[in-house]
Ligand code: UDX
């Protein structure tokens, strides 16, 4: 099938690469010529395991091309995906201008039947707006050409994006057109082995499904974070509680980890956008407001604890392990490490940080500054540190040489934002150790 993908961010690029790998001829359009150049050279512009290989393999096979030319994109694909950004506006609602721009550009250039399919996370009602924007342009052209609109939200996780895209749990297709649905079934047939994962529904339900999934997951995390704080107060251990409740299949073990707050490009943005959707129809979503407030508080927790333990961080050095919002990505969007670093700086402390992948992204974000020292190993981050904060649970932080770390720190205190270590062992090793919701040893 000939497919066009507008947008070469996480969602667009991974979708384009995976669809090409399944044998489709894919053109990926982006407005940024520099990004297109990098992609044409076979490089993924962000860190995501497996994408580079897909780019090279499919470009060589002639199945994947990149361009800035929207007209070429519209001429190429009978199926056109919109996977451009929907950044949050000041009030938290999603900014649809890029999505609607693509819809208009499809309207300008199309000369034959097209299916326009949104993959970006868009609020309920966007499908209707896409249809209206496109129809308006066609009408202005005086063109009578048939088209259909589909909502096909993407559920990929950063760091596991290729696997999620190749082996989806579910394929949500929202449309009122049997013809478009048939096209989507054909497209997804190679990803839909063993049992049928494609769920057809109306556009609005498909749009809401994406927000509902992310909001539900964020809710679980905030709930566990709140319970972790309660566990500390009443002398319980959140790890035992997690195992205890996770064994109920209605609850399940995934996404029950207390920590220093959720971050990333999706949860914070989508929780806010869903709240705004509720506000717009006069239905305040109280559960989500609480989810967001709990997360904000959780992101402040590590600083508050370090500050209290050290009696103020002015003039102190805090080691940070992990900067990315989660392992296996270099994404710093809404990362809890940022809240912590910014609080340390505001209080006059210095950060010595190490992350296996996200150091360049951190440099780009904060530039050169005296109170941020980026070092090239976990051990080096500890040199002369008054406390160590573990923010991202990269694998290599799981069993460090604690004796070595202790000798390199000025003061052996570990604030574990991801509950990686055994509290009793840490105390035996001579550390002041504080995790999230763990029973004090
Ligand atoms: C998420 C959804 O999982 C994905 O389906 C959707 O398409 C996009 O948003 P992503 O943002 O890549 O994916 O990250 P995810 O792995 O879901 O983690 C989000 C945040 O929650 C991270 O900051 C992570 O550290 C935190 N988290 C996750 C917890 O604090 N506890 C958990 O138990 C799980």
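Note: Cβ is positioned from N, Cα and C throughout, glycine not excepted.
Record features (TrEMBL):
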type     : residues                                                   : note
BINDING  : 30, 35, 86, 121, 158, 269, 333                             : NAD(+) binding site
BINDING  : 155, 156, 157, 158, 210, 255, 256, 257, 258, 259, 263, 326 : substrate binding site
ACT_SITE : 266                                                        : active site, nucleophile
DOMAIN   : 319-423                                                    : domain 'UDP-glucose/GDP-mannose dehydrogenase C-terminal'
Exercise for the section: Looking only at C-alpha atoms, tell me how far residue 258 (substrate binding site) is from residue 333 (NAD(+) binding site), rounded to the nearest Å. Expected result: 20
Fill in the blank from the handout: Close to ligand 1, in the sense of Cβ under 6 Å, among 30, 86, 121, 210, 269, 333 as binding-site residues, are none
Practice task
Let me know the DSSP-derived helix, strand or coil state of residue 210 (substrate binding site), please.
Solution key: helix
Fill in the blank from the handout: Pairwise CA distances across 155, 156, 157, 158, 210, 255, 256, 257, 258, 259, 263, 326 (listed as binding substrate) top out, in Å, at 24
Completion exercise
For the binding-site residues listed (35, 157, 210, 269, 333), most other Cβ atoms within 10 Å of the Cβ sits at 210
Handout entry: the domain 'UDP-glucose/GDP-mannose dehydrogenase C-terminal' (319-423): DSSP-derived helix, strand, coil residue counts
Key = 34 helix, 19 strand, 52 coil
Completion exercise
What remains of the binding-site residues 35, 121, 269, 333 once a 10 Å Cα-Cα cut-off to residue 210 (substrate binding site) is applied is 121
Practice task
Check the domain 'UDP-glucose/GDP-mannose dehydrogenase C-terminal' (319-423) for me and report the mean pLDDT.
Solution key: 97
